[in-house]
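Taken from TrEMBL as is:
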- B:23-288: domain 'NADH:quinone oxidoreductase/Mrp antiporter transmembrane' (DOMAIN)
- B:292-345: domain 'NADH dehydrogenase subunit 2 C-terminal' (DOMAIN)
- B:5-22: transmembrane segment (TRANSMEM)
- B:28-47: transmembrane segment (TRANSMEM)
- B:59-79: transmembrane segment (TRANSMEM)
- B:94-117: transmembrane segment (TRANSMEM)
- B:129-148: transmembrane segment (TRANSMEM)
- B:154-173: transmembrane segment (TRANSMEM)
- B:204-221: transmembrane segment (TRANSMEM)
- B:242-263: transmembrane segment (TRANSMEM)
- B:278-296: transmembrane segment (TRANSMEM)
- B:325-345: transmembrane segment (TRANSMEM)
Amino acid sequence: MVYAIFLLSIILVLGFMSFSSKPSPIYGGVGLIISGAVGCSIIMGFGVSFMGLMVFLIYLGGMLVVFGYTTAMATEEYPETWGSSIVIWGALLSGILMESLLMVWLLEHDGMEVAVGFNNLESWIMFMDKGFSIIREDSLGVSALYNYVNWFMVAAGWALFVSVLIVIEVIRGK
Amino acid sequence: MKLPILTIIMTTIFTGTMLTMISSHWLLIWIGLEINMLSIIPILTKNQKPRSTEAATKYFLTQATASMLLMFTIVFNAMHSGQWTTTNIDPNNMIVSLTMIIALTMKLGMTPFHFWVPEVTQGVSLMTGMLLLTWQKLAPISIMMQMFTSINPIILLLIALMSVLVGGWGGLNQTQLRKILAYSSIAHMGWMMAILTFCPSLTMLNLLIYLMLTIIMFTMLNMNTNMTTLTLSNLWNKSPTITMMILISLLSLGGLPPLTGFLPKWIIIQELTKNNNIAMATVMAIMALLNLYFYMRLIYSTSLTLFPTPNNIKMKWQFQPKKRSLFLSPLIILSTLTLPLSPVLSTLN
């Protein structure tokens, strides 16, 4: 299992292919779940546990569930699945081809450093004059949103609120 | 659209551009651009016609592609230089300088990414088209003015030259006024970007004068809802003052000497020749003649000639006009009569 993260990254790319080839949204939702879960496992493997858990709970457990329910309500009579049209076959095959070429490059021509060479995602330990401190980028970043960059929190919340408002306004019709 | 929602959306458009203009961190700049793009979509579809929906879709697709390319360039720059400031991009990094220019010129609607500008401007109403051609240019130009030292000048000059060419030639066969103003916008963006790597204050000058002229043109066209050259040719009867104002504003937009619109062209050509770019200056000046030709055609049918009309049109009974126009007189004066103020430019840095 030395290549755990590498294998997970291959599954990530295949999962992205499964919804980028644009089948009907309910099938794309399956691809999103798989690639989201695998992406969380990859970053947890690098040590960023807080971020992975947040994405799992909120993205997969909150947003994707709502997305799944809404696409189940808005599904069509003959949905396009992964083998149904030549367009989707073409997108899938070109994606798989490029992923295999990338795999060959990573394994044979010594390019693994690009794919799995992240080594500063865990905690930082700062040694100062008296004592030392531990800095974790993920959780300290979230808490910095509340004290150092208050205004950005407001702007981000406003942007999220306005995007929902815009979507509802655009589909309102007459 | 209900008033509270319109207020929220307008505030968000303003916030997006402001966020882009005040930031020095690339991520915040990108966030501002995205907020801006997302919140102008309901303004584009305010009309509820299929053509407006198509225009909004085209706008969204091109701007989303440009934002995606910009995000790629930002991450690439962060990976290779290790920092996220706007002013310290390494000009030797060819991928970053190339894709950054492509992303930003795609946002501005410059050639070869200009195809969406006439169609989106035509598909929306006059005032929305004005918003699209004036406010939406502010954010990408402010980014380019922050990073002008790291731009590859050859690529930018090529794009600017092509924009001036396309803006001139593309507007020749148009009778719809919104498309004419869209091609005029493409050509003016070309003039602005040609001088960016040499002297960005002139880009700002050209932008300000272009903004004033475009706002005044759209406002005057909106007063009688003129969308085609044909309706413009009946304007002499309805409001002769607007006819005269359209004449001088269009001449100023085309860059004719005693009017303000001559100032940016003159000083841009001067700066280009100081930097030994005589061929570029010559070609751009010649192509500005094409722009002037289709403005002259508008003026010909509006003010200089009277088309044959039935006799009952010649005596028109009109009530008071209902459309309010803010700042009409100050803007007209500023955009046509301020050429004598040009020595003030020597006081700028």
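Keep in mind that glycine also has a Cβ here, set from the backbone N, Cα and C atoms.
Distant neighbours of the transmembrane segment (B:204-221): 126-127, 129-130, 133-134, 137-138, 141, 145, 177, 181, 184-185, 188, 191-192, 195, 227, 242, 245-246, 249-250, 252-253, 260-261, 263-264, 267-268, 325-326, 328, 331-332, 334-335, 345; these residues of the same chain sit at least 6 beyond its ends, with a Cβ under 8 Å from one of its Cβ atoms.
Taken through DSSP, the domain 'NADH dehydrogenase subunit 2 C-terminal' (B:292-345) splits into 33 helix, 0 strand, 21 coil.
No contact links the transmembrane segment (B:5-22) to the transmembrane segment (B:59-79), because fewer than 3 Cβ pairs that are 6 or more residues apart lie under 8 A.
Residues of the same chain lying 6 or more positions beyond the ends of the transmembrane segment (B:154-173) and with a Cβ under 8 Å from any Cβ of it are 97-98, 101, 105, 110-112, 114, 118, 179-180, 183-194, 196-197, 277, 280, 283-284, 287-291, 293-294. Sequence-distant residue pairs (6 or more apart) of the transmembrane segment (B:28-47) and the transmembrane segment (B:129-148) include at least 3 whose Cβ atoms are under 8 Å, placing the two stretches in contact. Mean pLDDT across the domain 'NADH dehydrogenase subunit 2 C-terminal' (B:292-345) comes to 85 in this model. Note on the transmembrane segment (B:129-148): residues 13, 16-17, 20-21, 24, 29, 32-33, 36, 40, 43-44, 59, 86-87, 89, 100, 104, 107-108, 117, 120-122, 178, 181-182, 185, 189, 192-193, 196-197, 200, 203-204, 207, 211, 214-215, 218-219, 222 of its chain, located 6 or more positions outside it, place their CB under 8 angstroms from a CB of the stretch.
Long-range contacts of the transmembrane segment (B:59-79) within the same chain: residues 26-27, 30, 33-34, 37, 40-41, 44, 89-90, 93, 95-96, 99-100, 102-104, 106-107, 113, 116, 120, 132, each at least 6 residues beyond the stretch ends and with a Cβ under 8 Å from a Cβ of the stretch.
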